[in-house]
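Summarising the annotation, TrEMBL assigns signal peptide to 1-24. Annotated domain 'EGF-like' per TrEMBL: 294-332, in sequence order. What TrEMBL lists as transmembrane segment is 347-371. Residues or ranges marked as domain 'Protein kinase' by TrEMBL: 424-707. Annotation source TrEMBL lists ATP binding site at 453.
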């Protein structure tokens, strides 16, 4: 693959590594007889050119993973096609890595650039993963210790409206035409894949998708790149290690790489394996057979002696001394003094007085500095409080002074929450999400709380944020996590919730915890009914309708009695009473996202219904909503479930050990209900109130009532016992009133759903 255009920062990256790695007066960096450069690029051992050897025919590299080639004496390459831009002896290498591209107007499939060297990891601090295009998305896949991990991002362009993208022509990736994500640590053995959304409408101008890894600062987005990215490669920083072993294990090996006067260094969180450093007082290349050599500190400016003449070099160190007729240690701090006391006093007394005066001046300056810093901090807190809408919230709370104190949001001080979390100690982190980090804390009155520290907030939406805090804090439903208050003295507001002790529904379904506890069908149905009731309350019984926007098993908490509580309103939106839908940026979690919302960006209550349908399928199957570990046609749990339902194979996907004669009919009915929630068109889905009624009815009816009184079996027959031609999309008009055999209970269920407690 030839390079079309070379990004200007590529040469800069190589130059930086060159300057940092090698200076002209450094000791030898390669084996005797081996080339130390290719063009302008230094090649420090353990790296070496593959077709060259030493005088005794030893390869110029340590082993095959450090072999490079020099083409035309000017271009250094790793493997057959990856260009090397620079090598740092301290453990980093810059490669010119390829772009994965896919255009819908060609017959080509996306190329998948890969790098498979187990001891080389992609730097998570130096790189970004980027996708450019419209209606496209990309994945960065990594194989680590036998498991596959992936990250990625997607970008949409609102029906190919160029105005929306041109407005983002600032060189930054913000999600319109270009998106970027951080790269997790330990990504190795990687492949890059670019995709386009299936069934997206082709456009002559916006029909390509590009995905790549780029060194931070090396890529500036342009609208022109959406359909034609002028680069085929970008600089990528790779962390290299000798092997993937730890120092403890490597030091017992015959192939231990650290030579004389060097020490082994275990890599940090972003690396795997070990590398070697020269010991203190030595320099050179720790991998060469001779090891590192002694530094003559006295010949440099780096000794700590008062004078160069008073320095004595030793092996790996140096000592200072005083000339004849003087006493002291000869260092810059201690120095040397005349042996005679009279002369000494003449020198020492003025020095002591001067030092005392300097100390007093410094002490006064420090006191003034601390006072000034405290004033600045107070002003900064006041600024953030005002900026985050504190006065607006105070006004709203003052208007509700007669309300119950438990339904009024409390405004916390920053110091209160710092004390509650031991200054936000990382050991108290109980959750991380797309919108922030959650800490466990204990208030002064011994109340355990969950404190959410968000990542960012849109300053233009502060009033909307305050309205949400005010409204959500008034929600007093037993199946909704209670918002206790907030702190507005920080740059990004902190939210304080009640603490729920027993983990998430996802933990119970998908982890070893769930397998050990073997959550019964009765418990799963109870959880489903409680969650549906909570969402129904948010949609229709709250003072202002609330769309949750991120319904998933990770956002459903369980207390000690397995009572479900809906949490994480980080993406929720308030809906005006006279408005049925809201236009928003597409947000959510892959596997749960409403396909109609993804296409139209119109958020409705039915978007929550779809996501809840996926949760129902999780409860039925015990499977995750999306997984690259499954076959391609089964990656999306919802699509696989509907396919099995259509083929009359629904019981094949029910979790092992859950189905029995007593609950068979009930599981059928829940499967039908899940299919209704997963209809592609939102208007054909039931409301959350209808869903909650059906689930609560199932809990209240005994098995015999279901068998004898179910009068609406036609739809179940089509899905579960019909001919092979029946379809999940033939469920009928959801706007019609349906009867599932518990009419006499409807009033009772409705009262329960409308009641916050």
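Using N, Cα and C of the backbone, Cβ positions are placed for all residues, glycine too.
Unlike curated entries, TrEMBL annotations are predicted automatically.
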Averaged over the domain 'EGF-like' (294-332), the pLDDT of the predicted model comes to 82
For the residue listed as 'ATP binding site', what is the secondary structure by DSSP, using just helix, strand and coil?
strand
By DSSP, what is the split of the domain 'EGF-like' (294-332) into helix, strand and coil residues?
6 helix, 14 strand, 19 coil
